[in-house]
Amino acid sequence: MKMKWYSVASLLTVLTSSQGILTTLSQSNGKYKYDYATVPFLAEVFKLIVSSVFLWRECKKSPPPKMTTDWKTVRLFPIPSIIYLIHNNVQFATLMYVDTSTYQIMGNLKIVTTGILFRLFLKKKLSNLQWMAIILLAVGTTTSQVKGCGEASCDSLFSAPIQGYMLGILSACLSALAGVYTEFLMKKNNDCLYWQNVQLYTFGAIFNMARLVLDDFRGGFEKGPWWQRLFNGYSVTTWMVVLNLGSTGLLVSWLMKYADNIVKVYSTSMAMLLTMVLSVFLFSFKPTLQLFLGIIVCMMSLHMYFARPSMLVDLPPTVRSDPESLVNVPVDHKTDS
């Protein structure tokens, strides 16, 4: 591919960091005027349309792209959507036991669990330096989210019930599993990326639509069927949230195909830090010492993971003998008398 992975990763960082900001700006008086469940559904539809257009263009070329259509392969693509569906329910259950700040801090466990599953299931070997870098990334992102000692986040983090910790660990494992499994699917064969995306996003749209239908049944259809209120309360900012979420998903699938999960983890982690920095200027967020320390640690982790080992360790220069500098030393051969 012509695009380099670090260009895609940088763009993903920018889009992911703006996601939370756009979502906040889409609120009116602290509330959503639109049904937030419609946003991921429309994002899936957007990704499906874009992927279908690119696939159609590829099919017009010669030779046509490789597309595996047997049921044994296609049936694997609903699995990531099922994992994410379970993950979303575990998230809600976790928030019943812990507060938001504790949940965000515990969410950094997915950085380490991704590295572990990446090693176990994809058989990708990580060096000791890379493992240290991944742990540093988790420490750095956690440090940036912790408030000053004695404040709410410190107290609540250690006062949550055991159920909250267990569900938080399960949530981190499910998030990592979905990412690693998606990478496995994307690299399982040499199928065209756009064909794989069409399969992923078709099932993604179906599962998100099922959630909207389920919400209708739970609410007794008081607000009417979901398709009648699909665009209710939408503004320009809301559409930007949909396009941002859809574009982010397309970039992630590209990274899964041509890079790996660790690159995605670094992109989203850096995006979180960038969001916090931008919030200082946009929402009068007060920067903390922990935020600056977290950024420094994460930048060190980034350098440690992707830099060549020769840049991290000062190796002694190789000493080479110069033939011209060699001195012939005469040796006296004494014969024993």
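From the backbone N, Cα and C atoms, a Cβ is placed for every residue, glycine too.
Bear in mind that TrEMBL entries carry predicted annotations, made automatically and left uncurated.
Per TrEMBL, signal peptide is recorded for 1-20. The transmembrane segment annotation in TrEMBL covers 36-56, 76-97, 103-122, 129-146, 166-186, 198-214, 234-256, 263-283, 289-307.
Of the Cβ pairs linking the transmembrane segment (166-186) with the transmembrane segment (36-56) and spaced 6 or more residues apart, fewer than 3 are under 8 Å, so the two regions do not touch. Remote same-chain partners of the transmembrane segment (76-97), defined as residues 6 or more beyond its termini with a Cβ less than 8 Å from a stretch Cβ, comprise 103, 106, 160-161, 163-164, 167-168, 170-171, 174-175, 177-178, 181-182, 185, 188, 196, 199-200, 202-204, 206-207, 211. When the stretches 36-56, 103-122, 129-146, 289-307 are ranked by Cβ pairs under 8 Å to the transmembrane segment (234-256), first place goes to 36-56.
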